[in-house]
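Worksheet for the structure shown next.
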2 protein chains.
Amino acid sequence: MATSWVPDIDPASDFSLANIPFGIISTPDDPTPHPAVAIGSYVLDLKVLAADADFTQLFPDTPSLPSALSQPTLNAFAALGRPTHRLVRSTLQDLLSSDTTRPSVLRDNEALRKAALLPQRAASMHLPMAIGDYTDFYAGYHHAHAVGVMFRGEANALQPNYLHLPVGYHGRASSVVVSGAPVRRPVGQILVDGKPVTGPSRKLDIELELGCFVARGNEMGARIGVREAEDECIFGYVLLNDWSARDVQTWEYVPLGPFNGKNFATTVSPWVVLADALEPFRAKGIENATELQGYLKGGREDGVFDIALEVDLTTAEGDTTTIGRTSSKNLIWSFPQMIAHHTLGGCPMRTGDLLGSGTISGPGGVGERGSLLEMTENGKKEVLLAGMDARTFLKDGDTVTIRGSCGPEGARVGFGECRGRIYSAVQG
Amino acid sequence: MATSWVPDIDPASDFSLANIPFGIISTPDDPTPHPAVAIGSYVLDLKVLAADADFTQLFPDTPSLPSALSQPTLNAFAALGRPTHRLVRSTLQDLLSSDTTRPSVLRDNEALRKAALLPQRAASMHLPMAIGDYTDFYAGYHHAHAVGVMFRGEANALQPNYLHLPVGYHGRASSVVVSGAPVRRPVGQILVDGKPVTGPSRKLDIELELGCFVARGNEMGARIGVREAEDECIFGYVLLNDWSARDVQTWEYVPLGPFNGKNFATTVSPWVVLADALEPFRAKGIENATELQGYLKGGREDGVFDIALEVDLTTAEGDTTTIGRTSSKNLIWSFPQMIAHHTLGGCPMRTGDLLGSGTISGPGGVGERGSLLEMTENGKKEVLLAGMDARTFLKDGDTVTIRGSCGPEGARVGFGECRGRIYSAVQG
């Protein structure tokens, strides 16, 4: 495995040379949000690179690349298509490699290197994409099953449609925020002793998910096949926490689904790990013995990814406990299947659309669960924390951090942090 | 009531001097979409006006107005706020009035008049706003009740939450199209004899709704009160047809709500009738004896509008039947209440967000219903049409046209058409 000339890359870093995730930064020198990639504890400013002729001449067939790498979101870059993402990523891997074939472009160009390579702590992270529509699926089989058992018993745990189609709902694009943004406990209408009252949610929860950004969509009325989605339509992946107010959701969701229980905040990790970077970590998802409809067939056997996921809860006092560990392979539908289903009736997808997997839980016990709802059986049991503390649902001052990575030390492909701290509800 | 010097205004026109709705047009001379208002059978090109110094000097306190009136959507104009909408509309009413106080600006400026005033048939209409998020509510009481009776019986017609909060769900912004855009019958997964199959929807339906565009939203974590929503947050209104595939919806919607059954197309009328234009037509909505939560109180008694609505169905053979007539006052929640509820937990609304009222039906019989689901009792009865024809649900080649207006002849405030024709499903 090639190593990088970038200094001090921790072997445990999520951002090895094997990764090269794309994000949107602002810096003291350029406060307008613009693209960068992460490498070790540094960021490489792509807008600075895009202004350099030695760099842009490496992409003679993509004259719009410099402009795409200078926008305030990654949408223009994503829209260039997967072959371009592949070429740009592999070129950056070469430029950052110890045995780069083009040392003069970056490694040995001191002025450019100093201008473009900055410590991560000097950069602020922004939402990587302008999100047109956000859709959240429910493909985490063990989560759906566990929640179903809780509310309807073992015999009726899964709804009749669950094994036949990727159940999903339209989420709220305006409330998607980047890791680190504060999360305010929502006020909502909830039932107390059978009567509706208005007040701060008492059952504020997390949902550990994988998010997927669309590179290329479809015209209205057309549809996208599973294989086409796999090969051409996905830009990359992020970690996603679909914060949920369970008590608000319980009262509001019949018959039209979750609304205020979900639309107050959804946090995504800032670095988009490109589809190509995750290819080596393909895995088989949850077996589904159901005979599928044709439009859901034809994808790869190994349609999901084996990304090790963990959820940490840090109290206001600073004590951190890992409350859940699982893998993103615990999905019964792949993202390409979700896209095929989403577009079956002709619904147009656009560059920058965000898809959530649904909460991911493992098949095992409390320690493999992606929501407090499951870990605490809807508040009946406590999750014990470091510092002699315990939780049923989240407390003001809690910070939740999701992490995810795959690959060995020194060649890790990871997401960094998807983090949010809970602030007290607005009164009044 | 003042009259206009614009020629040949039909007294029955939706676009009297009392209206002045805003839309986005393109013309042979300027194919880039840009703002206009409708007056009689003409459009007044606002981008042409915005380039004229005599016009712009009428707005010395709004230096950004010319730019806002030259954009490809109305978002920038909407974001200027309701006092500016009011001033621009009343100024245009004056300029277009027979007894205008400023004849030299437009009426007597032949060059400008000829450049700016065009027959409506010379203009193509475009989606008026860039829609960030689309939310569809369920505030049509008689619709919710009738559908509830149909599926759960009289005793359980309304869900327990229905009278306590404006039930709604997140819709799909990418599939909102302007009147006249073709509507392709969606393919979907549906149950036939209890088994899922994939095929064209057999229960394609309409939903007669009023739509509302947001002028000014809220910061994430903040909320908007009912009165604030009423006074400051609404830009204007459109007619809306939330096309629905009932069979797709029935199979998919438990537990997360409608998805592919709704996301293939939503049609809106092209002209945004400003909030001020509808003020004279305020009315009381459906009485709700429930003790409301505080955040839903404090709005005006006459929180909705009495707009006469009708739905026409035109067959491929060209026979037209009015299949439904009702009023938009048949809502149990006002748009300001919907906005207050939507933002209760801090969900950010943005300029250009679209809210749908939910299907509007009257309290009377089949002729007052806003969906075929109700008119035909879910396909059990036929609606008779002109030309010896009949329908349970929509047939390929059908054109559905929704109209809405208020006010007397000569001073009518109407929406024009919200129209879509059904094209056959994509095979394969």
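The backbone N, Cα and C atoms fix where each Cβ goes, and this holds for glycine too.
These figures come from a predicted structure and were not determined experimentally.
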Given TrEMBL lists A:K262, A:T266 for Mg(2+), the same-site residue among A:D231, A:D242, A:D302: A:D242
Can you match one of A:D108, A:D133, A:D136, A:D319 to the Ca(2+) site that TrEMBL gives for A:E207, A:E209, A:D242? A:D136
Out of A:Q249, A:T266, A:T359, give me whichever of these binding-site residues has the highest number of other Cβ atoms within 10 Å. A:T359
For the recorded positions A:Y138, A:H143, A:E209, A:Q249, A:Y253, return the ones with C-beta distance to chain B below 8 angstroms, or 'none'. A:Y138, A:Y253
Report, in whole Å, the straight Cα-to-Cα distance of A:T266 (Mg(2+) binding site) from A:R152 (substrate binding site). 27
Output field, Mg(2+) shell: CB within 8 Å of site CB centroid, site A:D242, A:K262, A:T266 dropped: A:D136, A:G171, A:R172, A:S175, A:E207, A:L240, A:N241, A:W243, A:S244, A:N263, A:A265, A:G356
Whose Cβ lies within 8 Å of the mean position of the Cβ atoms of A:D136, A:E207, A:E209, A:D242, the Ca(2+) site, other than those residues? A:G171, A:L208, A:L240, A:N241, A:S244, A:K262, A:T266, A:G356, A:S357, A:G358, A:T359
Cα-nearest neighbour of A:T266 (Mg(2+) binding site) within the listed recorded positions, A:Y138, A:H143, A:E207, A:Q249: A:E207
DSSP assigns the residues of the domain 'Fumarylacetoacetase N-terminal' (A:18-128) as 43 helix, 22 strand, 46 coil
Name the one residue among A:E207, A:Y253, A:K262, A:T359 whose Cα is closest in three-dimensional space to that of A:H143 (active site, proton acceptor); these are the binding-site residues. A:T359
